[in-house]
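Enquirer: The active site, proton acceptor feature in TrEMBL is assigned to Glu174. What TrEMBL records for Gly203, Ala204, Ser205, Thr206, Gln207 is ATP binding site. The annotation transmembrane segment is assigned in TrEMBL to 17-38, 462-484.
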Amino acid sequence: MDEQREVQVKNPCHRPVFLILTAVIAAVIITVVSISVVQNKHILQKYKYGIVLDAGSSHTSVYIYEWPAEKENNTGMVRQTHTCHVKGKGISSYSTIPEKAGMSLQECMEEAKQKIPVARHPETPVYLGATAGMRLLKMDNEDASNKVLASVTNSLKKYPFSFQGARIILGQEEGAFGWITVNYLSDNFRKAMGTLGALDLGGASTQITFIPKQEIESQDNTIDFRLYGNDYHLYTHSFLCFGKDQVLRLSLAEKSRYTLDKNNSTLSDPCFHTGYNSSKKYMDVFDTPCVKEKSALPKDFIHVGLGDWAECQNSVKKVFDASHCRYSTCSFDGVFQPSVEGKFGAFSAFYFVMDFLNLTSGTLEDAKLKMRRYCSTPWKDIVQRYPKILEKYLSEYCFSGTYILTLLEHGYKFTSNNWKDIQFIKKIGDSDAGWTLGYMLNLTNMIPAEAPDVPLMPHGGYVSFMVLFTLLVFLLFFLAFLYYRRSTRTAQKDII
Ligand SMILES: O=c1[nH]cnc2c1ncn2[C@@H]1O[C@H](COP(=O)(O)OP(=O)(O)O)[C@@H](O)[C@H]1O
Ligand SMILES: [Ca+2]
């Protein structure tokens, strides 16, 4: 008995008080750690979806976006999860059979139904934005353009989503929302450390948008945003008829005035490869409001290539009218433009063409040299080298590349010095660069004017802090206990 009592005195860990204390501390640690892990962590990650149809002049694409429901206002949370390219041409090509415009969207919309969870269908917004092809159709035949819009509206209403409207967006919106997209995806709004200008090239129009250093002298070219607590004063301009397909028509129309042969049936063109020879129709050139002066081309003509880059550039330059400007500086056609400033993202056809021609890096001089070489390559060699590329695209790359270099250098006034500031991009992360994401973010109010309140520390940091803090408390208890034990032993020894 005496021995047992002695052991109990020697080993205070067996004291009930100590055991209870240890249990309480352990319980406290487990509780604190569990609470910190669960706190702020969402039990189920729910996703929301949005669908935007980009009804371009050449074709329509359907984009599906996804974002975590509870992080709606955090920048960079929305990503593109699926893209569907509608078969056939753009909706404006259905002007004589408008009912087919709506039908053309069915396949991609069925695909969207499969991709988005059924439970989310009713709350998923669907937007259709039509760009320059429909702007031109409206100029030409407003009734036809209304019928095409009615047809796509009817078709989209039949799906279980929340249809939010089909409309022709303004050129300024196309430019500004493209700018929002590239800056949102680059996380520039949160960082607030400078923004990326946006250059979009389509088939029927082209847009330039950036924050200039100079004052914006024309009201038509300004657009203001307040995003995440910062004010942005943008310069933007959309050039209708300066998309690459319309400029090709303009330049063919121009050439037809002086290069037709005696029989008026052969049109010689320095922007097409030697040996290229294709039968085309008068309508292919003149059936557009962009070509104002209709000339003497016959109903059918032969388009013949000359493969001469320098001559091609001379002919393309004629498309830019630099004869008048009522501001301190202009790009072309009397449009005000301040000096280009900062870095730019150039996407859509800027990317397709420059990527194909291998011109997405290097100097402006390199690009010109490569173009000279490429345009002088005979057509039969080009066809042999790229057997898988669609002939329509392939035959036009010499023209399109020349047009892009001329637009950037002589139109927007980029120079050899700031050429490197243009980045040719298709995607940023998973998402395509283009106006659609910015359009949806704006319409769903997903970029707030003021920066949302953020917790003091991120979730991971908060958990680590709580764990370390609890361990520290535990250690202090332990040290206090050691100190208590040592002092009781010393007291016992003193008694003995
Ligand atoms: O793979 C490609 N190579 C070259 N051009 C392409 C390719 N894919 C699309 N494009 C071109 O990109 C342009 C897209 O224009 P879009 O249809 O968006 O017109 P818009 O923006 O003027 O309304 C068209 O000129 C189309 O031919
Ligand atoms: Ca476009």
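Cβ atoms are placed via backbone N, Cα and C, with glycine included.
Just so you know, TrEMBL annotations never went through curation; they're auto-generated.
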Enquirer: Please report the DSSP secondary structure of the residue listed as 'active site, proton acceptor', reduced to three states.
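Expert: DSSP call for the residue listed as 'active site, proton acceptor': helix.
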Enquirer: Whose Cβ, among the binding-site residues Ser205, Thr206, Gln207, has more other Cβ atoms within 10 Å than any of the rest?
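Expert: Comparing the binding-site residues Ser205, Thr206, Gln207, the most crowded Cβ belongs to Thr206.
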Enquirer: Using the recorded ATP site (Gly203, Ala204, Ser205, Thr206, Gln207) as reference, state which further residues of the same chain have their Cβ within 8 Å of the centre of those residues' Cβ atoms, listed in sequence order.
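Expert: Here the nearby residues are Ser57, Thr131, Ala132, Glu174, Asp200, Leu201, Gly202, Ser238, Phe239, Leu240, Phe242, Gly243, Lys244, Gln246.
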Enquirer: Kindly assign Ala204 (ATP binding site) to one of the three DSSP-derived states: helix, strand or coil.
Expert: coil
Enquirer: Have a look around Glu174 (active site, proton acceptor) and count the other CB atoms within 10 A of its CB, chains all included.
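Expert: That number is 30.
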Enquirer: For Gly203 (ATP binding site), what is the tally of other C-beta atoms lying within 10 angstroms of its C-beta?
Expert: 22
Enquirer: In Å, rounded, how far does the Cα of Gly203 (ATP binding site) sit from the Cα of Glu174 (active site, proton acceptor)?
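Expert: The separation of the Cα atoms works out to 14 Å.
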Enquirer: Give the distance between the Cα atoms of Glu174 (active site, proton acceptor) and Ala204 (ATP binding site), rounded to the nearest whole Å.
Expert: 12
Enquirer: May I ask which of the recorded positions Glu174, Ala204, Ser205 have a CB within less than 6 Å of any atom of ligand 1, listed in sequence order?
Expert: Ala204, Ser205
Enquirer: What count of other C-beta atoms do you get within 10 angstroms of the C-beta of Ala204 (ATP binding site), across all chains shown?
Expert: 28
